[in-house]
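For reference, the structure is listed below as structure tokens.
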Amino acid sequence: MAEADAARPLETTDQIATTDEDFPATENRKPRSFGKLALMLSLPILLIGGAVFYWLSLQGKVSTDNAYVQQDKVSVSAEVGGKIVEVAVKDGQMVKAGQLLFRIDPEPFRLQVDQANAQIALAQSNITALENSPDLSGTDISAAREDIGFAEAKLARQQALWKRGFTTKADLEAAEHAVAQARESLRAAQARQVEARAKLAHGPQVPGENPQIAAAKAQRGVAELNLDRTEVRAPESGRVAQADRLQLGQMVLQGLPVLTIVETASSYVTANYKETDLADMKVGQPAEITFDAYPGLKLKGHVAFIGAGTGSEFSVLPAQNATGNWVKVTQRVPVRIAIEGKTPRQLIAGQSAFVTVFTDGRK
């Protein structure tokens with residue numbers, strides 16, 4: 001019994017010792033639980049902080065991916081109609097202002113120039129004939145005056161004889177009729193002289209030049225201008241588009257566009273911003289432009305102007321919102337972004353872009 005009693009305390013001591021070894025393990029769990037709690041609390045804080053930082057980073061700027069590269073385009077048309085006899089450019093070719101694009105058959109217009117030259121020669125010949133005509137020189141007038149003098153003298157003799165009874169009534173009337181005819185001939189000669197002088201008179205539009213010759217020269221000028229217009233040249237420098245539509249022998253009509261010149265040096269970006277993004281936007285504010293086609297390329301620009309109307313306002317069929325089933329839709333307004341400096345890559349009209357305008361003025 002004594003041995004059994006002595007053994008029990010020892011067992012209790014072992015149990016106590018064993019229990020004491022377990023306490024440090026319980027104390028070690030507390031820091032781990034605190035770390036988990038700190039992690040659970042810090043994660044929402046980080047998320048909230050990140051959201052706040054992202055929200056703050058969006059302040060003072062507005063962005064849109066509804067943006068496209070634009071370049072000025074010039075439609076080229078022939079100023080005279082005719083058959084194409086030469087095509088001097090290809091689609092996509094760079095041209096300079098004044099460079100030949102295509103040529104229209106010039107032969108019909110050369111004939112018009114020759115015809116105008118013939119009209120000038122004919123007019124000059126008519127003028128020379130008028131200058132040398134008796135109507136202008138006054139020869140007919142002098143002869144008519146001599147005839148009047150002779151007829152009046154004869155009438156005076158007949159009148160004297162009539163008073164003395166030595167002539168007949170018929171002879172007297174014949175003398176009177178001869179005087180009247182001579183005077184009428186004088187008036188006719190004078191009228192022809194006035195008409196001839198009028199034909200030789202100088203026109204008010206071209207001082208010192210006969211109007212017939214001036215009209216013929218004007219006609220020749222028009223013919224020569226049309227002949228020059230058979231060579232269709234580039235109005236501006238740029239890249240040729242739609243030139244593959246031109247074929248030798250093709251008939252073109254006057255004023256009908258046949259190809260396009262894209263002015264690659266005048267690139268800009270049209271960004272279609274929501275109307276709710278325009279509250280703080282002003283002309284001159286800086287902008288940053290990136291392109292889908294050129295990752296990593298960033299260009300600087302600025303707001304050139306804000307459109308005078310929404311895109312739907314200038315569409316072919318403007319929206320009619322007076323109906324009962326109207327649904328409010330946020331409209332978009334085109335904003336032109338001018339690109340500053342030279343572009344390291346070739347921009348193509350219609351390329352997609354991403355534009356950010358810094359409404360607080362920072363870049």
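Cβ coordinates come from backbone N, Cα and C, glycine included.
Note: TrEMBL annotation is automatic and uncurated.
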Among 172-199, 256-283, 312-339, indicate the range for which TrEMBL gives the feature coiled coil.
172-199
If we skip the immediate neighbours and take only residues 6+ beyond the ends of the coiled coil (172-199), which ones have a Cβ under 8 Å from one of its Cβ atoms?
127, 130, 133, 135-136, 138, 140-141, 143-145, 147-148, 150-152, 154-155, 157-159, 162, 212
From the DSSP assignment alone, can you count helix, strand and coil residues within the domain 'p-hydroxybenzoic acid efflux pump subunit AaeA-like beta-barrel' (267-357)?
6 helix, 36 strand, 49 coil
Could you give the mean pLDDT over the domain 'p-hydroxybenzoic acid efflux pump subunit AaeA-like beta-barrel' (267-357), rounded to a whole number?
86
